[in-house]
Amino acid sequence: MIDIYNRKIDYIRISVTDRCNLRCIYCMPESGISFFSHEMLLTYEEITQLCELFVKTGISKVKITGGEPLVRKDLNKLIKSIKDIDGINNITLTTNGILLEEQLDDLIKSGLDAVNISIDTLREDRYREITRVGEVHKVIRGIYKALKYKNLKVKLNYVPIKGKNEDEIIDIINLTKHKDLSVRFIELMPIGLGKDMAGYSDEEIISIIENKIGKMTPYKGKLGNGPSNYFSLDGYKGKIGFISAVSHKFCENCNRVRLTSDGFLKKCLQYEYGCDLKSMLRSGKSNDEILKIIEETIYNKPKNHHFNKENEKNSETKAMFQIGG
Ligand code: SAM
Ligand code: SF4
């Protein structure tokens, strides 16, 4: 549907859990986290029921995220029931990739169209430093397995952090030289623990790449559902994308809403505005009543975020792993 600011909203990010098998330093504290109980999470049946309503508002693209979505049991079954809904034409997953190798065959059979794999370093010791507990060779095996599926679009997400991993920007790009694999550099956002670290703007990364490899050419084709700005590099098969929500706001082209794992439909990443769909489902509201609320929520999306403004009213207090990125 078209919202109050004339934007077409056709994409939803659905978080299926706030739990994770990693503890990335910019996303999740090492301990002391209070997770949702199993009863607080939407069931797969509830998520599917909501997706049937989202389709009626014009949503056709779904991203499954978390926490780490692959730690939730039988995720492939949810992927299948969403993909089977008439009107859903694209279902994708964002994962840290640790469990990808073992689950990929089932995910593909269920209809997964694309996977974004987050990997902020290729070095084992540094991966352990950034994720506190992970082993990067498992992610790399997942990436190579994903690349064997010709119809699966594969992208890597890389968050450059000052003083941590900027010296690997070229190494990660080199993975795209001979493979149909895109890399997206995500600007660190001031959410949760990310507030205390410094990230990189796309200009800074472009200058690192152009100094080492050569001129980047803006890519005009469409890749994916989101706000990435893509570039090509001569001699490289994959594309290089940038998601810079802070230094280059893309709110005027925003096409998305978010559903948290406890069933809250969020209008915008930065604000806590939205509606509690789980309570509606569990108090026996009819599909028509829920659809009306969903439409009102989407229609009234805020015009833009104000990440740069201190003490912005109604700012989201949840961390990224509780929202889904
Ligand atoms: N666990 C999965 C993963 O890591 O891909 C999915 C959820 S994670 C919250 C989704 C994405 O958000 C990841 O690519 C992660 O790097 C990114 N992310 C988390 N916190 C962030 C922050 N403060 N700023 C920018 N990106 C962040
Ligand atoms: Fe887990 Fe993803 Fe957050 Fe890392 S970024 S802690 S993998 S949810």
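Cβ coordinates are placed from backbone N, Cα and C, and glycine is handled just like the others.
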Please pick, from Lys155, Lys162, Lys195, the residue that TrEMBL records in the GTP site together with Arg13, Thr94, Arg256, Val257, Arg258.
Lys155
Nearest of the binding-site residues to Cys24 ([4Fe-4S] cluster 1 binding site) by CA-CA distance, picking from Met189, Arg256, Cys268?
Met189
For Arg13 (GTP binding site), just give me the three-state DSSP call.
strand
Contacting binding-site residues, sequence order - Arg13, Lys155, Met189, Arg256, Arg258 vs ligand 2, Cβ under 6 Å:
none
So if I draw a 10 Å sphere around the Cβ of Thr94 (GTP binding site), how many other Cβ atoms end up inside it?
22
Mean of the pLDDT scores, which run from 0 to 100, over the domain 'Radical SAM core' (4-227):
95
Of Cys24, Cys251 (the binding-site residues), the residue whose Cβ has the fewest other Cβ atoms within 10 Å:
Cys251
Would you count the other CB atoms within 10 A of the CB of Arg256 (GTP binding site), including those on all shown protein chains?
22
